[in-house]
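Chemist: As annotated by Swiss-Prot, disulfide bond applies to 37-77, 39-67, 60-78, with the evidence given as similarity to another entry. Summarising the annotation, Swiss-Prot assigns signal peptide to 1-21 and lists sequence analysis as the type of evidence.
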């Protein structure tokens, strides 16, 4: 009985370690890149065009500029 409990705890710990590592990597990617948006210079449509802007909720930070005349409903579409 004790061996089964120990095996169960070890498998649970290994699972939690893997899940926490995957989640941490996903958060780092979002922090680095943000949510992409379509700048006016990208073209009229999302299809086939790269999304070169990033949505910022509290305005564009220093070194960035608003790249869309009519921005997204929430936040600003900014480009470096």
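Every residue, even glycine, has its Cβ placed from backbone N, Cα and C.
Source: prediction; values computed, not measured.
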Chemist: What is the nearest of the disulfide-bonded residues 37, 60, 78 to residue 67 (disulfide bond), using the Cα of each?
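Modeler: Minimum Cα distance from residue 67 (disulfide bond) across 37, 60, 78 lands on 78.
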Chemist: What's the most sparsely packed of the disulfide-bonded residues 60, 67, counting other C-beta atoms within 10 A?
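Modeler: Each of the disulfide-bonded residues 60, 67 was scored; lowest Cβ tally within 10 Å is 60.
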Chemist: Residue 39 (disulfide bond) has how many other Cβ neighbours within 10 Å of its own Cβ?
Modeler: 21
Chemist: If you measure residue 77 (disulfide bond) to residue 39 (disulfide bond) at Cα, how many Å is it?
Modeler: 7
